[in-house]
Amino acid sequence: MDFLHRSGVLIIHHLQEDYRTYYGFLNFMSNVGDPRNIFSIYFPLWFQLNQNVGTKMIWVAVIGDWFNLIFKWILFGHRPYWWIQETEIYPNHSSPCLEQFPTTCETGPGSPSGHAMGSSCVWYVMVTAALSYTISRMEESSVTLHRLTWSFLWSVFWLIQISVCISRVFIATHFPHQVILGVIGGMLVAEAFEHTPGVHMASLSVYLKTNVFLFLFALGFYLLLRLFGIDLLWSVPIAKKWCANPDWIHIDSTPFAGLVRNLGVLFGLGFAINSEMFLRSCQGENGTKPSFRLLCALTSLTTMQLYRFIKIPTHAEPLFYLLSFCKSASIPLMVVALIPYCVHMLMRPGDKKTK
């Protein structure tokens, strides 16, 4: 591993030295890969375009991030910004100097990359959905058009994934091999759901049972390793020790914060998609109207951006996790049930007048 780490440090140092002027773009691409954008941007948009794809997106994102957490606990991956300070392989303090940024100091283990894994699994779902839609509307003779569409969409996919990976390496929060593992892992999870039909038709009990299983397995795995004297939160004090600015340390980057956020979203989706409001609006007479879907998409996207202003207190971890779960659960409830139902009720008076 020292060889991978040392080679990775040289790559990071090269990127920071020669491509410092591209920091704005790389920081933007790092934000593009942020798993939280799945729930605040991609999901609200895609659910209104295609409910099945939007539902699958949540399942893929949640299960993918859960696997990411388990693998991080197993692989014990270091992050460059603290490894360079802890290692003793450089003689006479001759280690390269790695610059840190406001988004560098994540506190969980580094392998595989959560940003790379989340980005690849969700964009894989979007690309395959777009291909399925376009192919179904092409004539059988349009082989050239099909190949061009296929090439274009997958080129966009890889361009985004490579940019996200480079951005995470540039800010010294991941080694190159960690982002590669993340991309591969995300694609495998997304491909597995391509062969899992009926996810969009799951009952409330399936959502609840899945939530309970994911939570108990993660908690049980954590407690089991604690019995063997293995502290799975080993990375948190190291991150706090070597982060250049204490203000850059955020509790929402800890392993359990991501788990609670994902379980909240899946819990909320289960209730929303099996609610009476969803059945009356999205599954009702207005559900297929372009105007209804457009209004729902715009309102959902606007509302999700307002969510960013809701700050959860971090002084007490149990309270933070509880409020984070509730905030996350409210996202699909708003996007899937409440907003479509309100739009449906607003459109009803106009429909009645035309009859």
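Quick reminder: no glycine exception, Cβ is built from N, Cα and C everywhere.
In Swiss-Prot this protein carries:
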BINDING   Arg79, Arg168  substrate binding site
CARBOHYD  Asn92  N-linked glycosylation site
MOTIF     352-355  motif 'Prevents secretion from ER'
TRANSMEM  25-45  transmembrane segment
TRANSMEM  57-77  transmembrane segment
TRANSMEM  116-136  transmembrane segment
TRANSMEM  147-167  transmembrane segment
TRANSMEM  169-189  transmembrane segment
TRANSMEM  212-232  transmembrane segment
TRANSMEM  253-273  transmembrane segment
TRANSMEM  291-307  transmembrane segment
TRANSMEM  319-339  transmembrane segment
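Counted over residue pairs 6 or more apart, the CB atoms of the transmembrane segment (25-45) and the transmembrane segment (319-339) come under 8 Å in at least three pairs, which marks the two as touching. Remote same-chain residues near the transmembrane segment (212-232) are listed as 62, 66, 69-70, 73, 255, 259, 262-263, 266 (criterion: CB distance under 8 Å, separation of at least six residues from the stretch ends). Across the motif 'Prevents secretion from ER' (352-355), mean pLDDT in this model comes to 46. Most Cβ neighbours within 10 Å among the binding-site residues Arg79, Arg168: this distinction goes to Arg168. Stretch with the largest number of CB pairs closer than 8 A to the transmembrane segment (57-77), among 147-167, 169-189, 253-273, 291-307: 253-273. Within the chain, the transmembrane segment (291-307) has long-range Cβ neighbours (under 8 A, six or more residues past its boundaries) at 39-41, 44-45, 47-49, 281-282, 327, 331, 334-335, 339-340, 342-344, 347.
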